[in-house]
Amino acid sequence: MNALVEKLRNRRISVTPQRLAVLTVLEKSRTHPTAEQIFQEVRRDMPAISFNTVYKTLEVLCQRGLVIKVNPLHEVARYDIDTGEHAHLVCRRCHHIVDLHDLKVPIPPLPAHLEGGFRVDGHSLFYWGLCPSCQHAETEQSDIHKED
């Protein structure tokens, strides 16, 4: 818990039980949960918390750089506590997201003539495909159709 308090203080964010609860859920998560999933998890220990409080907390954490909003193709936003450079693998079927670290692919700078005064402050890299579970389900489904 002390590490989470330090993270908040280092970003000049007020330490509140709600913010600590949201960060704790994200720290424990091995997925990229939605705001609704985070809300349901926080609510187990804080029954009086509202969805609005969780959502606003997530927005503050994103604005201050403690959390990344992962929003591939404008689907439901998911949240990632890993703010380091990494890409994401996204399953087209079940929407499972996996962090992909240690890519040695440099992000090319924008040519000056394309920038047009636009100040870039971030980027995202997504790889799309099917996760192992969905590949397996797809194979089973095609096997069923072959038997017909």
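Glycine residues also receive a Cβ, built from the backbone N, Cα and C atoms like all the rest.
All TrEMBL annotations are machine predictions without curation.
Sequence annotations record features per position, and here TrEMBL assigns Zn(2+) binding site to Cys91, Cys94, Cys131, Cys134. Counting every protein chain shown, the Cβ of Cys134 (Zn(2+) binding site) has 16 other Cβ atoms within 10 Å.
Long-range neighbours of His123 (Fe cation binding site) (same chain, six or more residues apart, CB within less than 8 Å of its CB): Ile107. The annotation Fe cation binding site is assigned in TrEMBL to His123.
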Quick check: in three-state DSSP terms, what is Cys131 (Zn(2+) binding site)?
coil
Sparsest Cβ environment (other Cβ within 10 Å) among binding-site residues Cys94, Cys131 belongs to Cys94
